[in-house]
Amino acid sequence: MNHFDYKNGELHAEDVALSAIAAEIGTPFYCYSTATLERHYRVFSEAMQKDALVAFSVKANGNLAVLKTLASLGAGADVVSGGELKRALAAGIPGEKIVFSGVGKTKAEMALGLKNRIYQFNVESEVELLALDEVAGALGVKAPVAFRVNPDVDAKTHAKISTGGAETKFGVPWSHVHTAYATAAKLKNIEIVGVDVHIGSQLTDLAPFEAAFTRVVELVGDLRREGHAISRIDLGGGLGVPYRNDNLPPPDPAAYGALAARITKNTGARLIMEPGRLIAANAGVLVAGVIYVKQGENKKFLILDAAMNDLIRPAFYDAYHEIVPVAAPTADTQWTHYDVVGPVCETSDIFAADRPLPVLKSDDKVAILTAGAYGATMSSAYNARPLAAEVLVKGGEWAVVRPRMDDDALFGNDRIPPWLG
Ligand code: LLP
């Protein structure tokens, strides 16, 4: 469910025509819908237990306006770097609603988290634990810790976004978990608070969640018997979204919430959830203009002004994104098939192969859908292409929430060494 619809022959974000934004700021740009973000957040949090912490995964979409929109509904944040932590704090998310994940937290990042009294560090190894103990000791505070455990469960998603298998770098290996907790219990500056798990992203089946959550709940029982005070269970993120209109939709948040509640019900623990994609993906589109339509030897290329540097998911994961014209097709519309590509000098700079679309011409606009998560956050300035603008719509209003990168931001930070004059 989202708020991008055709009205009066034009694709709108809520009550704003995307062509009106394009006319004012040019293309490409990301456009996010407040109503969709709010709806997804509400549907998700209402599906969870009342006291659960819903910590939005900032890596999905870290724009301050997006974070502030979610913060105003009560969202917390799941961060994986000092930069994301600063973004969350800058958007008004209090430390007490922030959890810090990731296999390679530096001591400086740990100190930043401790100074801001974050809710929990999801620690992924014993070496990291020792570093955290040292940093907390130097600051004279105790670090609240959950170990992220690796339950060795196959998430049955794309290999590049699967994190719960024993072969991945993520989490404390299952066979080391008990020693990790025993070590933590002996450290003066560490307070054990919970257990954390995250097995992967874009899961379209509940079975891997069920397997992982069940293992974690058994573990919580064992750890408590060993004398550890486990009061929180962080179940991570990972619930998938529909990218294709013609596929079966993934399980809805209500089914996912019910599963989490059923499996954890006798633990008495507070649940933490870290959804990213589910909140943001369908709340954003990437609007691009057609530069040229090029006839190849045996196919037609629709060359857009957006490219893999703006949205890398198709190139990186062979991800499918729906692409629709901004001008609504009519009964008279002529259709054809295009390879939809960008101007970047890489063969993988392709958004879609052999895709049915109306016949289009230079300056026409298209929208690449389900681009609100892992779109702008994964973009780069490759080929010296400025990062795209970002826009947030609310009802009939819209605002640029990140202007297109200018030349100064693009290369103004480069420095010429003295020997080059
Ligand atoms: N928590 C942790 C510890 C994570 O590593 C992630 C995502 C999440 C939560 C949020 O997962 P979500 O609810 O969004 O599935 N760039 C890839 C996705 C990478 C996900 C990495 N971790 C993509 O574009 O598909």
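Every residue gets a Cβ built from N, Cα and C, even glycine.
Nobody curates TrEMBL annotations by hand; they come from automatic prediction.
Among the features that TrEMBL reports, pyridoxal 5'-phosphate binding site is placed at GLY238, GLU274, PRO275, GLY276, ARG277, TYR374. Within the same chain, residues at least six positions away from TYR374 (pyridoxal 5'-phosphate binding site) with a Cβ under 8 Å of its Cβ are LYS59, ALA60, GLY276, ARG277, ALA281, ARG313. In the three-state DSSP reading, TYR374 (pyridoxal 5'-phosphate binding site) counts as coil.
Per TrEMBL, the feature substrate binding site maps to ARG277, ARG313, TYR317, GLU346, TYR374. DSSP assigns ARG277 (pyridoxal 5'-phosphate binding site) to a helix.
Summarising the annotation, TrEMBL assigns domain 'Orn/DAP/Arg decarboxylase 2 C-terminal' to 29-372.
As a whole-number mean, the pLDDT of the domain 'Orn/DAP/Arg decarboxylase 2 N-terminal' (35-281) in this prediction is 96. According to TrEMBL, the feature domain 'Orn/DAP/Arg decarboxylase 2 N-terminal' maps to 35-281.
Mapped onto three states, the DSSP output places LYS59 (N6-(pyridoxal phosphate)lysine) in coil. What TrEMBL lists as N6-(pyridoxal phosphate)lysine is LYS59.
The binding-site residues ARG277, ARG313 differ in how many other CB atoms lie within 10 Å of their CB, and the one with the most is ARG277.
The DSSP secondary structure for TYR317 (substrate binding site) is helix. Across the fold, the C-alpha of TYR317 (substrate binding site) and the C-alpha of GLY238 (pyridoxal 5'-phosphate binding site) stand 16 Å from each other.
Most Cβ neighbours within 10 Å, among the binding-site residues GLU274, GLU346: GLU274 holds that distinction in the structure as shown. Taking CA atoms as the reference points, GLY238 (pyridoxal 5'-phosphate binding site) and GLU346 (substrate binding site) are 30 Å apart. The binding-site residues examined here are GLY238, PRO275, GLY276; by Cβ neighbour count within 10 Å, the least packed of them is GLY276.
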